[in-house]
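**Student:** Straight out of TrEMBL:
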- 19-31: compositional bias 'Polar residues' (COMPBIAS)
- 1-43: region 'Disordered' (REGION)
- 96-114: transmembrane segment (TRANSMEM)
- 120-138: transmembrane segment (TRANSMEM)
- 347-366: transmembrane segment (TRANSMEM)
- 386-411: transmembrane segment (TRANSMEM)
- 423-444: transmembrane segment (TRANSMEM)
- 450-471: transmembrane segment (TRANSMEM)
- 491-513: transmembrane segment (TRANSMEM)
- 519-537: transmembrane segment (TRANSMEM)
Amino acid sequence: MEGNASSRDLDGVIDDNARNAQQEELSSVNFSRPKGGQKPKRPSMFVASESFLDDSQQHIFEESYHPGNTPFYSPPKQRQRWGDKRVLPRVNWGDLYFDLFFVAATYNISNILVTDPSAMGFLYFMATFMASMYLWSAKTFFDSTFVVDDDIVHRMMEVAFLTAMGSVIVHIRTADVLSHTADYVDMFALSLSLLIADVITLLRQIEIGLTGVGEEGILKMVSFRNSRDVMIPLSLQLVATIIAGLDYYSTAGGSYGDDSHRLLAGGAGGSTNHIPIILTLAGPVVYQIQWAIRGICLFPSDGSHKKLIVPINVDFTIHRNMEWTMLMLGESVFSLLVEEVTETQEFYITFYCGLLCVILLEYIHFTSQPMVAERHVMVDSKNRAIVAFSVQYLYSASMVGLGAGLTLFLRSFAKAASKKRRLVELAFAGRFLAAGAVSLYPAYEMKERSAVVFCLSLGIVLLCVDISQFLQVGFRRSFRVLERSSFNMRIGIIFFVAMRWALISFVSTLWIWSTTPEILAEIGMGSALIYSMLVLITRKMTKMKEADRRH
């Protein structure tokens, strides 16, 4: 009884401390209304999303609260200002729902490489992936800098954006289908859906300049600059949509559009047109290049760039990037789990080794990345943060490619019964019958291409992890650790780093020496295990040096 009473007293103290902390947070902004019933003037800068509340909205801290009325429109508000304490926003279930769309997107994108592991398949794979990740990144960047209320206008914008994303995903088809723009509507529908999503992204940026609440001198500048940047992929996507639409709805395209002809068009008839997909790829690539060049070369490095941009909520961005990485790793696991089981020793070896390889990659990623803002590259260095964002694109694409390689391995073990089953499934999806019923390559060549996809993808994944770890530390800090280390410690650190690079080179070129799926899966799992051990040893050595220096 006495113990229970003490426990209740302790809980009461904790609750009082929590309430006091919330009151201190709210007191940082003046919520009082002026005399005469007039609405309070909005402050020009905000500490965090909770700071945007007026005195009638303080119930937002109550988790059980459900608003009874929804405003028609509320302007977007700046999340925080430079130098303010960062507050991690609460979990937004809408973000998690938004991410679910990309589970299907990555599966369809991976299927492009599975059905056609060639240069053309890689082009369509990268174009659809870059376009999809660009939209995810644009929304994440907006959400990390601004917050919008749950009003009717923004609900409608969100519904429109999700509908466009769903249309994008459902029209991500095989390279053979997308390249026949006169035979199939998919390339035109894909381009049009991406264009609509880009327009909504542009409207978000324009809205900041027109009605945004925050630092007035910066918001209009940010709105103009971001709108100009978004116009690059939007303009290229508009041209791609026009070309694909004219090709499909032209006189020739009309004849190909007949249903009886379209069932056979994937295998024969109709010319290919790669211009729309090249423009689709060029949009996010050019956007990323110009954004990196401007950020590194044109923005000042003395800290005065803070007068030109709105700060992002670093903790929020870290969490969203981690969730994105989980999606990419999840696609590799999903690719393994949905394949038909073939009761052979080779199948099970490949399956379990591939599964363990992905699990080890998950361990490597989440143990090598800082989880707090104070240690993250986004806080430490502007230039290195920009490079890290660019590496994230390649890192994510290679993880999806790894899933495609594992899928190709498992499908190579399919028996006659599984082939019959796939024919039935393809017949159900009638328009893919001609394109998917017959393999594009002989069995031996498909085996070689599968090995190339797996080895290069795994090698690039490990390379991006290595680059990302280095970017978190930086050149100067790395050299400073080496300078302050003893000779033996310095040799040890260099040796283990060189071992990691040698392992990455070995994995990337492994397809030259072997194309057997189970052997490659075994070596891939072993390489991931060895790499994780090398990372752990290197980290222990550098931490030992830091501890010695402090003492």
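Positions of Cβ are set from backbone N, Cα and C atoms, glycine also.
Predicted automatically and left uncurated, TrEMBL annotations should be read as such.
For each listed feature, how buried is it and what is near it?
**Tutor:** Proximity of distant same-chain residues to the transmembrane segment (96-114), defined by a Cβ-Cβ separation under 8 Å and at least 6 residues beyond the stretch ends, is recorded for 121-122, 124-125, 128-129, 132, 136, 139, 162, 165-166, 168-169, 172-175, 323-324, 327-328, 330-331, 334-335, 400-401, 403-404, 407-408, 411, 453.
Under 8 Å from some Cβ of the transmembrane segment (120-138) lie the Cβ atoms of residues 98, 102, 105-106, 108-110, 112-113, 165, 168-169, 172, 174-175, 178-179, 190, 194, 197-198, 201, 230, 233, 237, 274, 277-278, 280-281, 283-285, 287-288, 324, 389, 393, 396-397, 400-401, 404, all in the same chain and six or more residues away from its ends.
Below 8 angstroms of C-beta separation, residues 322, 325-326, 329, 332-333, 336, 341, 399, 402, 406, 409-410, 413, 458, 461, 465, 517-518, 521-522, 524-525, 528-529, 531-532, 535 of the same chain, each at least six residues beyond the ends of the transmembrane segment (347-366), sit close to that stretch.
A Cβ distance under 8 Å defines the sequence-distant neighbours of the transmembrane segment (386-411), meaning residues of its chain 6+ beyond its ends; these are 106, 109-111, 113-114, 117, 125-126, 129-130, 133, 137, 288, 291-292, 295-296, 321, 324-325, 328-329, 331-336, 339, 342, 347, 350-351, 354, 358, 361, 377-378, 446, 449-451, 453-458, 460-461, 464-465, 467-468, 471-472, 517-518, 520-521.
Within its own chain, the transmembrane segment (491-513) is flanked in space by residues 448, 451-452, 454-456, 458-460, 462-463, 466, 481-482, 485, 520, 523-524, 527, 530-531, 534-535, 537-538, 541-542, which lie at least six positions past its ends and keep a Cβ under 8 Å from the stretch.
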**Student:** Mind checking which residues of the chain, 6+ beyond the ends of the transmembrane segment (450-471), have their Cβ under 8 Å from one of its Cβ atoms?
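**Tutor:** Sequence-remote neighbours of the transmembrane segment (450-471) are 113, 117, 357, 361, 364-365, 368-369, 377, 384-385, 387-388, 391, 394-395, 398-399, 401-402, 404-406, 408-409, 412, 478, 500-501, 503-505, 507-511, 514-515, 517, 520-521, 524, 527-528, 531, 535.
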